[in-house]
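Everything below concerns the one structure shown next.
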Amino acid sequence: MKKIVVLATGGTIAGASASVGDGVAYRAGEVPVSSLLAQVPGLEQLLGSCTLVAEQVAQVNSKDMDYGLWQALALRCVHWMAQDDVSGLVITHGTDTLEETAWFLQRMLDVAPLAQVLTTAQARKPVVLSSAMRPSTARLSDGPQNLADAVSVLQDARASGVLAVAAGHVHAARAVHKVQPYRVDAFSSGDAGLLAHVEEGRVRWLRDPAMASEQDVLATAQSAKTLWDCMGNPEAAWPWVEVLVSHAGADGRSLRACLQAGVQGVVLAGSGNATLHTGIEAAASTLMQQGVPVWRTSRCLEGSAVAGAESVVPLAMCGGQVLRPMQARTEMVLQVLAGVRP
């Protein structure tokens, strides 16, 4: 009998408020996973012949997500995905940092076969992040339906890799980003587009969720082993990587202050096509000359920076595509952690 595993980490989906009418003044990460699952409409029918296993990994507001929890989550993913009777995982997570955790998990699973912690087939099992914009105690909580949709996606034969499911939409880890602070349809995949819609428990795919297997700097046995060894080391020294914004009046002081304080990497969210203020560019050049990696990307809400513009700062690239600021920061953290020079 196949299993579906739910790993709970807290977030608004597990939030509680004093009043059913209060969708803002609530405490995230209060309701246990067993209670969340009890609220899911028609869960037994959705599961069919599958059994459900639930594990409370953490209870946090995702704004407070940290590396220790990322490590724990990665290890629990490997533990369950290595079991032949497990079809895939649902991870309940807050919306605020979901896009960062999604990219972290995608990249760790990308290299898991090289580190020999999972086979290729095991690493491609679907991992679906489920979230909510209203607490579980709200009159119209969106969490139960989002969880139901996550289970539906997980059971679809085409599902693969790390996905985010919310408001009936399926997003890829590479593209998903939060664009709304309040509405229930809070995520976008930009011009990359959605992967699928979930309609009455059925998944209507718009494009193939499987990512092309492309060689990158983390895709070596040594880098993969170093990363996965770090996951099992609670004393691992995670690098300090900062995101800074290029804006009107920028003069590079923030970059120079970070350098003086010991920053180990910087991602610059540039204006327009990842362009940088002259003051920022000059300061970035100084950091790079002193061995601190600096990348640039666009602060624009939609679209992706296009290569070709002159700059001493390289674009934040992965798999031939320019990453968004938060994915770029996560990518740089992993590259520095792996001992790769970004």
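For all residues, glycine too, the Cβ spot is worked out from N, Cα and C.
Whatever TrEMBL says is automated annotation, not expert-curated.
Of the listed candidates (SER62, SER87), TrEMBL assigns SER62 to the same substrate site as THR95, ASP96.
Across the range of the domain 'Asparaginase/glutaminase C-terminal' (241-334), the DSSP-based residue counts are 31 helix, 23 strand, 40 coil. Reduced to three states, the DSSP call for SER62 (substrate binding site) is helix. If you measure from the Cα atom of THR12 (active site) to that of THR95 (active site), you get 7 Å. Between THR95 (active site) and SER62 (substrate binding site), the C-alpha separation comes to 7 Å. With respect to Cβ neighbours within 10 Å, the recorded positions THR12, SER62 differ, and SER62 shows the lowest count. Each residue in GLY11, THR12, ASN61, LYS63, MET65, HIS93, GLY94, THR97, LEU98, SER131, LYS178 lies on the same chain as SER62, THR95, ASP96 and has a C-beta within 8 Å of the C-beta centroid of that substrate site, without being one of the site residues.
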